[in-house]
Amino acid sequence: MTQLPTNPMPATPLLDKVDYPDDLKKIDDRDLPQLAAELRAEMVDAVSRTGGHLGAGLGVVELTIAIHKIFDTPHDRLIFDVGHQCYPHKILTGRRDRIRTLRQEDGLSGFTRRAESEYDPFGAAHSSTSISAGLGMAVAAELDGKSRNVIAVIGDGAMSAGMAFEALNNAGALDARLIVILNDNDMSIAPPTGAMSAYLARLASGRTYMGIREVGKKLTAYLGKTVDRAITRAVEHARGYVTGGTLFEEMGFYHIGPIDGHSFDHLLPVLRNVRDNAKGPVLIHVVTQKGKGYPPAEAAADKYHGVNKFDVITGAQAKAKPNAPAYTSVFADALTQEASLDDKIVAITAAMPSGTGLDKFASVHPSRCFDVGIAEQHAVTFAAGLAAEGYKPFAALYSTFLQRAYDQVVHDVAIQGLPVRFPIDRAGFVGADGPTHAGSFDTTYLATLPGFVVMAAADEAELKHMVRTAAAYDEGPISFRYPRGEGVGVELPERGEILAIGKGRIVKQGNKVALLSFGTRLADCLLAAEDLDAAGLSTTVADARFAKPLDHDLIRQLARHHEVLITIEEGAVGGFASHVLQFLAEEGLIDGGLKVRPMVMPDIWMEQAKPEAMYARAGLDRAGIVSTVFKALGQKHGVGLGAAG
């Protein structure tokens, strides 16, 4: 690991006076720029020590301060979409003393969480949920007869997802008291600046123009929708500038902006006006700069979205020397290689080109790589359309995000038997991002679908084989899963082999205990086998490769010639083990006394930690496997056995 210097803590005399949002209300507006600078320094220092999402939070410092100063949180509900931008919010809401535990074991979450603070009314991590949740809270307040503001802060990327527009449409129809702040940090033009634009923003959010809109609504009741549109356009012109807000106005929102999200002269009066005057749904378009105030992040916003620990002075990130190539990199290289040999191969990502490795693919095959944005549902059906026309689409998604498109997987892909390939990254525990990003369920929900081939790579060489196997398979949908992080260091073939569908492999032969692994727990199985052999328990280790179709011959062999059969997987109950147990029961292979023990993720939400610590806590490591075997045999765990020995 690169050694970083220990930088001194930043001086923050004004921030030191702020423990909770009520303290902000005591600070003069003229001192807020200093507070913003100190808050940025505190955030940069904290993330430099823990790693995390830096750029998004730096971009909303002024906005976060302004919201908490103007509104009455937690009585007023403040919801952050995704949550990458919530670090300044956490510092201002009683969690500054723990901010240097971000994303660490037993530390603060990197996202908003209801269980963590009353200032987090709704948890987040996946995108585009804030407006729906906020609308629910706004309607609940109306039903309860309570006067309460609900503010949803959503980025321009998250706004591209269909769920956000579904919520906007419903909010406009209900005319609910909801404030949506569109944080636009990817605008191609500079935000409006200067006294005139600040004046116009105040004017547009004030009582006069909001009153014009109310008159327009009443006229519409008598004169129809056409007149309403004309009034909307007239109001836009009366504001004195073209806002681009016509779409939101058509959906029933009062639109304000764009305004400079780094100017308190813009933010404070607009938020005050909206708080005091607005009725119905309001959308405030705020333009910000990702990474604002920290030069390395401003210069390379993409590289400072999510960061490792880094040196505050230089911005240099700590990087461990790799022992083996990362699974994501192996996948990307293998797919790029296959695409060079087959011009029907295309790749699809949902706003994660770097995370899935498809940026590598795109650099070689730019016309055959499609980033569809934060739109997993569309990504899957788009892939289905390509498959229907004879192409070989690889829809590369994280396991946790594939959940968002399950109906499309079932209805548009599986029922039609279309050969869409699903490379599933971030399988199993992912570490610092915690339960919201764990790849726990894909085997369970895919292997239940008729005609679906479900694979898991045991190591990086197996991953190359599975990429080629998927490219060659045209009989229906096929998936292969692999984890975050480095491989185990096996030798990589020049090109992957085409695997026989539904066939596993024996890696080590024994005769008393059988360990049947699905996925990268294979390495721990081999280590556990060393301990078991040393204890006189001859152990077979097998790599299933496939959860569907199962290798029936392999399972019969293991069941008939061993006293104990353990299945191990990096997934929830209902996955690989359930299919194995179903087969064993149907075949009568457990009637003769075979001791079968499934090892799966525990039925809890596993909190953030390093992945190896999470697997140990789950009992899915070397020591856990050895312990499970001894318990199955009714024996005490031998002294010195397992990883903990």
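Placement of Cβ uses the backbone N, Cα and C atoms for every residue, glycine included.
According to Swiss-Prot, the protein has these features:
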type: BINDING; residues: His84, Ala125, His126, Ser127, Gly157, Ala158, Asn185, Tyr294, Glu376; note: thiamine diphosphate binding site
type: BINDING; residues: Asp156, Asn185; note: Mg(2+) binding site
Length of the line joining the Cα atoms of Glu376 (thiamine diphosphate binding site) and Asp156 (Mg(2+) binding site), in Å: 16
Residues His84, Ala125, His126, Ser127, Gly157, Ala158, Asn185, Tyr294, Glu376 binding thiamine diphosphate per the record - widest CA separation, whole Å: 32
Local Cβ density at His84 (thiamine diphosphate binding site) - other Cβ atoms counted within 10 Å: 24
Separation of alpha carbons, Asp156 (Mg(2+) binding site) and His126 (thiamine diphosphate binding site) (Å): 14
Conformational class of Asp156 (Mg(2+) binding site) under the three-state DSSP mapping: coil
Surrounding CB atoms that lie within 10 Å of the CB of Asp156 (Mg(2+) binding site), all protein chains: 15
Euclidean distance between Cα atoms of His84 (thiamine diphosphate binding site) and Asp156 (Mg(2+) binding site), Å: 13
Secondary-structure category, per DSSP, in which Asn185 (thiamine diphosphate binding site) falls: coil
